[in-house]
DNA sequence: TCCTTATTTATAATCATTCTTAATAAAGAA
DNA sequence: TTCTTTATTAAGAATGATTATAAATAAGGA
């Protein structure tokens, strides 16, 4: 049976790149940490466990390559660090994020939600949308529950 | 008559900050370059024309202060540089952006457009939204016109 | 096998941003 | 006014993320 790794290998080959052991190790880490929004440094430290000889620059290069091929999404939450998410297979767009300004947690919204808005934008601004990035900042349900239980807040 | 600068001065005083000459010069540059999405370096170079003795660190500090007070919005389009926009007076949210992947132009959408989406998110994810950031990436009307007129594309 | 090209490692370099320290300016008290 | 305190600034050093460089290695094709 064809695995996700196999399909990524094909995508790389189609663009005449190889799935080297370092690249495969990096992809495996991303597969094991979906929804975790890892930074390059995070990925590097995790990859070192399964491929200790890898260099940080290689991780950066691999993440950049995967971003170009739209296998991963490079996101930025405003702290000077880029974060990397595997894009859902077949998804044409970035997914959305909920960033909690209390605890810093980042949750994901996989549903599109923007179809209607995009139709308006394409028509009214005559802009042909290829992708989008949408992040909400606010209070997550966990913090909300905590503060409603704790009268000191 | 009360000017925008006067109102910003009041906002600063209300938070016990002063509108120093350096800060005022920085604000004036932002007022003269609305919709331009200037980087800190851009602002610095422009401010130097009207206040040559200013330092880059002061510009950074001022932009950070104005961001905290929600007088300017700090935005990031994924090119390792933060950009700064004066927020429209009275606006509670970031405005949206259209980034052209052909020519790099950035246009603004001042309308909210997200009210319906936010209602869904607040309810379904039990997330109390305080702000949002929405950017569309695609082909702007200028590039679209260009390529339809130019058969070589 | 040789030859060519892609990739990696290790380290140096770069670039945006923040920090540090001493100097300066402003504001309030006496 | 003068003294005192605090806020702010300039200049440059430091930091931290990311990218470039150069030499070494690996892979693939002829």
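Glycine is no exception: its Cβ is also placed from the backbone N, Cα and C atoms.
TrEMBL entries are annotated by machine, without manual review.
As given in TrEMBL:
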- B:100, B:103, B:140, B:143: Zn(2+) binding site (BINDING)
- B:115, B:132: Fe cation binding site (BINDING)
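When the C-beta distance to chain A is held to under 8 angstroms, the binding-site residues B:103, B:115, B:132, B:140, B:143 reduce to B:132, B:140, listed in sequence order. Annotation for the binding-site residues B:100, B:103, B:140, B:143: lowest Cβ count within 10 Å of the residue's own Cβ, B:103. The binding-site residues B:115, B:132 differ in how many other CB atoms lie within 10 Å of their CB, and the one with the most is B:132. Separation of the C-alpha atoms of residue B:132 (Fe cation binding site) and residue B:100 (Zn(2+) binding site): 20 Å, rounded to the nearest whole number. Taking the mean position of the Cβ atoms of B:100, B:103, B:140, B:143 as the Zn(2+) site, the remaining residues of that chain whose Cβ falls within 8 Å of it are B:101, B:102, B:104, B:105, B:139, B:141, B:142, B:144.
In the three-state DSSP assignment, the secondary structure recorded for residue B:115 (Fe cation binding site) is helix. Under the three-state DSSP scheme, residue B:103 (Zn(2+) binding site) falls in the coil class. DSSP classifies residue B:140 (Zn(2+) binding site) as coil under the three-state reduction. In this structure, the C-alpha atom of residue B:100 (Zn(2+) binding site) lies 25 angstrom from that of residue B:115 (Fe cation binding site). Residue B:132 (Fe cation binding site) carries a strand DSSP state (E or B).
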